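Notes to accompany the following structure.
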Amino acid sequence: MTDRHSPVHEQMEQQSDDAPNLLNLAAAPKLAQNSGGLLSVQTVKQKVKATASHVKKEVKATTKAMAKPERSRFHTWSTATLRELLVYNGIEVRGAIRAPHDFIVGVCDQVFSNLPTPPPPPSKTFEEMAVMDVAALKIQHIFTRKQAEKIERAYLKANHERNRRLMSQGVQPSLHESERGSVSGRRESTAEHQANAEASMMSHCENHKGQATVNVTKLNRKQQEDELAVPWKQPSVKYAKRYYRHNHPHHAGDPTRPYDYKSTTLGRHCVIGGCGEQLDLWDEGQVSEFGQFGSGVTNYFKFLKWCCWVMFILAIVHTPSLILNSLGAASQYESVGLASTTVGNLGDTFNVTTVKIPFCNADDYSQHDCTILKSELAYFYALLDCMATGFVLVGWLWLRSFEKKESDNLDRATVTASDYTIRVPKIPADTTETQLAGHFAKITGCAVADVSIAYDNSEEIEMYFTRGKLMKERFLTVQKIRYVRSVAKRHGNHMIDEEEMSSLLKTKSDITSKIEELDTLRAIKTETFPDAIQAFVTFDTEQGFLKAMKAYTLNWVRKGPCFPRQLRFKGMRIKAVPAPEPSTILWENLGVGKWERLRRKAQTTMLALCLVVFSIVFTLKAREVQQNAINEGGEKECPADWEDMTTQAKVQMITGVDESPILHCYCQELSMIGQWNDPMCKEYVKAKTISSATAFGAAGAISFINWAFTLLMNKAAVFEKHQSMDSMEASILSRTFILQFLNSGCVMLCYNIDWLKAAVGSDLKADADFSQEWYASGGQLLMFTMFCMMLSPHVAPYMRFRSIRAEMKKCLSPDFEDLLSGRTDEVPYYTQDDLNAIFLGPEFHMDLRYAQALVNFFICFIYMTGMPLMLWIGFACFYVNYWIDKWLFCTFYRIPPMYSDRMGRTATSLLGWSIFLHLVVSIWSLGNRAIFESDDFSIISNSTVTGFSTFDEYEANYNPFRQGELRSSLEQKHVQPLCALLGGLVCAWFINRQTKEFTSFTKNFINFITCGSGDKTDNLMSVMNTVQVSYTRAKQRGLIKGLNTYNILQNPKYREAFNIKEEWANKHKHVTSIRKLRADQRTMSSTVRDSEGDNAML
């Protein structure tokens, strides 16, 4: 404590009395005025002048003293002694523990300037030092506890907001008392805005906000009138703006700092301090600023970056082939188009045997004519393709490795409820929490913290969801009635439209009747307690979780007839598997059996295949229309002396034959206007226009069908009744990708399937796959499709963004307050919930985005050998995709749920199949001897092998899978490197798979002999949390990321549907507990069983 009666304090107080007070001097004129004229202004000025002179002298003296410093009498004292001296005399010096010795000496000189040298402070006795240590420890303990409480409150708040993000209406921000304050003009204070917002939200309405209120279906006439007599409160725009900040991505803990899409760093897969560090050219680092949203989001953007970089490097490597295709030979097509960049532009092997090297001058070389044989060029293309394939293979393995490392590191650094929980897929129907907890506590010897049982009550849960929708409709109707009555109360009853009011009252009555019917039906269907079907057992430590998994990881013999008796539960064989995250569980689907889900999947798959067939039929018909349009102008080559002929001779040659096959030679020499005015070319122009429009229409139709696939798979995923969101999203990702890839990348290869054309009734005579003419038709259509897919997936989100932003801009305009206040004929938003929905933003669906990215990568990589321009298109697709998704994520989408890395791992595993498909298509395209032919093989001279006597016949019917053709194609010199690489990859894949199976068999055999549990538990142990903490302690401190319990009532999504309060949900565990709040009839057995479950102490 500071001694206020020490000599030092008395001397300092005396000095302060003698010193002039400059603050009082500054206010001297005002004092003179207020003193009734006792002091004249002249007197005050004289005093101020004298004081200023005194201060000036003091400053000069101090400056002179500093120029010639004298040795201080405290200079020889130690710093610790000086600090004790100051403390002993009651002088507090902030930061003294870090202050240098000279500073402390200067402080002592000032304090004791007019006093004799004080004696050193007396030394402390042992008892005094012990008391001081105890006091210091107590202060330290209090400070540490306060800091820990502060951190814990921050954790709990962040965890609470993460849980509330599962609600369909997002996070509802709360305004604190400290934020209240008046604002200028007509705008209300923050507290009033909060009151208005709460009054117009359903969750705060007395008849809608939870179990403590009266059931809306049991209101008497007076209660119904009281409900409608509540004054209508206009929605608060200020609250909606705060709602927007809380529900859109922002920096952790600060909703006022949204992300800037330009400067936000999303990291990339690299090795900090390792060999990958040199590849981090833009210093992005490994850490993403989106890390707070989970590994799913961070891995998605890193996946896009990986694809973008791979496509860019491949495009650079294949730029020479792109230049050679475009400029190496005379153009083989009538018009310059995308087909001019393909290998088809190199010409056929019969007419073109050499290719000119662009930008090469033969005069600069004595022994080289700047040409290259096509056989040597084919070998160069093959080696280039092998190098690119090896690069993609290494990059894919690198990506898999880093995604696994990032996932494992995140698992070890993140505490989740699933770290402590197992799922028991099948249990006896009469199981209780206490019985199951006792069983696993006995098996593992570890404490069980919680048990949550899933019951066969999916129909009841669905009824609650339906009831929630009806309650929202009823609340909106009630708000409309309140608004009309409030306007009438303000302006008179003449403002009420009787017809409109009667319609609203009838709508309210009808919705209430539907709710009553639903409640009655639910009461009938839920008279008995449902059967238990699954259970989630949460241990207090991770060791208990691992022991349970080890105990129930059995070999096939012990799973069957030799199942251990001590592991049986109530005589039933049960099993334990790791539980999914509680926020991803779909409780209403847990009662759907395995075979029922398979039946539903088969139905949706058949529907999807029907759409694929429709797409193939449509494109076949479109190609047929396009071919007929092309035939209008003929396809025959122009005569050799065409350029030397006169115009009259050309006209006579064309008009002399009906449907001349060389009409295009004459019409292409005219301008577009000239073609349209020439009677002979008018039909040709129409045909060419139809052909071009059909090509663009087919590309647009493919994009539209891809969108239909996306919509279908979303609906199908709900219909299939998946038991968790992870499995549902993985199913959407894989099947959407497969359907879109078949529709976008494989439909062009179906034009020559005879049985398919016969089935759809098409007589299309299509060009052979990967022939010179195919690149002008199917290949060009494929590139058009990829150009469309560059922007088409983003058109719908962008248009939605524009419309929502326009509505938000309207809401933020000054005139909108008048619109909300009821001064106009109609109010745009009657409830705060409706206004908040404008500011909420849509969800960020990563499964669909992964599927689209995979489709783009597969198509561009598979066809890059024959169409190297695909790589630049792919690079542009991923570049545009990355920046648009990043921009929309920062400015448009709501905060996503905590996605796991399952979708990323699924996408990466699917990516590996593109390498095999690419090699097959490369062999198929380069093996066409109509474009590339080895030196030692001739189509005409080997007619017995090829089966064709003319070159045109071979080119029109090229099919490498025909008998005899496959072998001859694979034996070509330039195809052999690709075949060797494909064969090596297939062998490596087979050996790796067989090795894994052999290793797995060996481990299983050893486990069978030794009664071991295998390496399953070893994998689980490798991702145990780095810092071990019990489940109970982690739950108390808010360390658990995401939902911290498997109690269905505490899941915000279901709590919102059940319309119950959080405080009530924390005291109950079963859906059946809600029955006493909603239904009037319950059986005694259900009451007893429910109470037993709710009050079980584990």
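Placed from the backbone N, Cα and C atoms, the Cβ positions cover glycine too.
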Stretch carrying transmembrane segment according to TrEMBL (options 604-621, 874-891, 910-927): 910-927
Per TrEMBL record, range annotated transmembrane segment [choices 774-796, 843-865]: 774-796
Of the residue ranges 299-321, 690-712, the one that TrEMBL records as transmembrane segment: 690-712
Contact call for the transmembrane segment (378-399) against the transmembrane segment (910-927), three or more Cβ pairs under 8 Å: yes
Cβ-Cβ under 8 Å with the transmembrane segment (690-712): same-chain residues at least 6 beyond its ends: 604, 607-608, 611, 614-615, 618-619, 622-623, 625-626, 629-630, 736, 739-740, 743-744, 747, 780-781, 784-785, 787-789, 792, 796, 848, 851, 855
Spatial neighbours of the transmembrane segment (910-927) far in sequence, C-beta under 8 Å, 6+ residues away: 343, 378, 381-382, 385, 389, 392-393, 396, 399, 734, 737, 769-770, 854, 857-858, 861-866, 960, 969-970, 972, 974-975, 978-979, 981-982, 985-986
Contacting positions for the transmembrane segment (774-796) when only residues 6+ beyond its ends and CB under 8 Å are counted: 333, 337-339, 342-345, 623, 626, 695-696, 698-700, 702-703, 706-707, 744-745, 748-749, 751, 766-768, 852, 855-856, 859-860, 863, 866-867, 869-870, 873-874, 876-877, 880-881, 884
Confidence summary for the domain 'CSC1/OSCA1-like cytosolic' (419-589), mean pLDDT rounded: 86
